[in-house]
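Take a look at the structure below.
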């Protein structure tokens with residue numbers, strides 16, 4: 001059947017009715033097809049979300065895998081002994097501890113120190129632990145060590161170049177449980193009443209729970225020192241000697257004033273560096289004391305006994321000493 005209407009006619013699928021069927025049947029058909037359409041829309045949304053999430057994963061920076069650049073090195077017994085010795089001398093100055101040990105880096109030393117500190121705190125053996133560094137704006141800043149080239153001034157006419165923080169003026173923990181004084185103070189004459197002196201004072205034994213103390217001229221507060229384990233007594237050979245051989249030191253100083261002794265320079269070359277430094281320190285202090293005005297009365301008293309004229313030929317060193325001339329060291 002051909003329609004006579006010249007205008008086009010667009011069929012509405014929702015409102016179109018089938019001949020012989022009412023509009024209610026058409027509505028039922030449209031309602032039955034709506035669940036299929038909604039499920040399709042949900043599936044499309046899920047696919048879109050998956051695609052967007054995959055794009056985000058690709059856009060994220062890939063994390064670089066962790067690689068160990070250097071394998072862990074175990075600490076040997078000599079290295080650990082040097083580490084303990086450096087803790088006594090430098091506290092938490094890791095750069096100086098690194099230079100003292102020589103075979104470990106600062107990172108390795110700090111890691112080893114952290115483990116050692118935790119072990120000591122748990123065991124409760126009373127080992128020496130250096131105090132932690134305070135914050136920058138702390139009321140009591142961390143005490144700084146005196147530089148090696150800094151000379152300490154003693155009140156009065158005497159000058160002292162001793163350095164309390166130098167390793168040569170400190171006892172090893174197993175060598176003695178006493179306080180020691182520097183060779184400069186030990187060589188000071190009794191007429192130096194205005195100079196500060198440090199006397200030898202015995203301390204309680206380590207078994208009573210007390211720790212050894214180390215005295216410092218810059219601070220009056222004693223710092224706790226601890227005793228080593230028994231194993232350190234067998235490892236003295238590989239550890240550095242920090243105590244001068246005073247018998248050899250004073251023997252050399254006595255030979256300087258002996259007119260029959262010679263080859264002093266050769267003897268100095270054969271001595272350990274710590275003994276050489278102690279000899280030079282004592283000789284410098286002796287020359288300062290002899291040239292001070294306080295010694296003038298003693299020099300006149302000795303001159304009254306005419307020691308200079310009696311020993312002018314046999315004991316030239318004594319005569320030169322009384323006349324403020326430094327003794328000559330023969331080579």
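Going from the start of the chain as shown, residues are counted 1 onward.
Just so it is clear, glycine is given a Cβ too, placed from its N, Cα and C backbone atoms.
Remember, predicted model here, so these are calculated numbers, not experimental data.
Annotation comment: Swiss-Prot describes 67-121 as domain 'HTH myb-type', evidence class sequence analysis.
According to Swiss-Prot, the feature DNA-binding region maps to 94-117, an assignment based on sequence analysis. Listed by sequence, the residues of this chain that lie at least six past the ends of the DNA-binding region (94-117) yet keep a Cβ under 8 A from its Cβ atoms are 73, 75, 79-80, 82-83, 85-87, 129.
Under the heading region 'Disordered', Swiss-Prot lists 122-166 (among others).
What Swiss-Prot records for 150-165 is compositional bias 'Polar residues'.
The region 'Disordered' feature in Swiss-Prot is assigned to 203-237 (among others).
For 211-220, the entry in Swiss-Prot reads compositional bias 'Low complexity'.
According to Swiss-Prot, the region 'Disordered' annotation covers 309-331 (among others).
Look at the domain 'HTH myb-type' (67-121): DSSP puts its residues at 38 helix, 0 strand, 17 coil.
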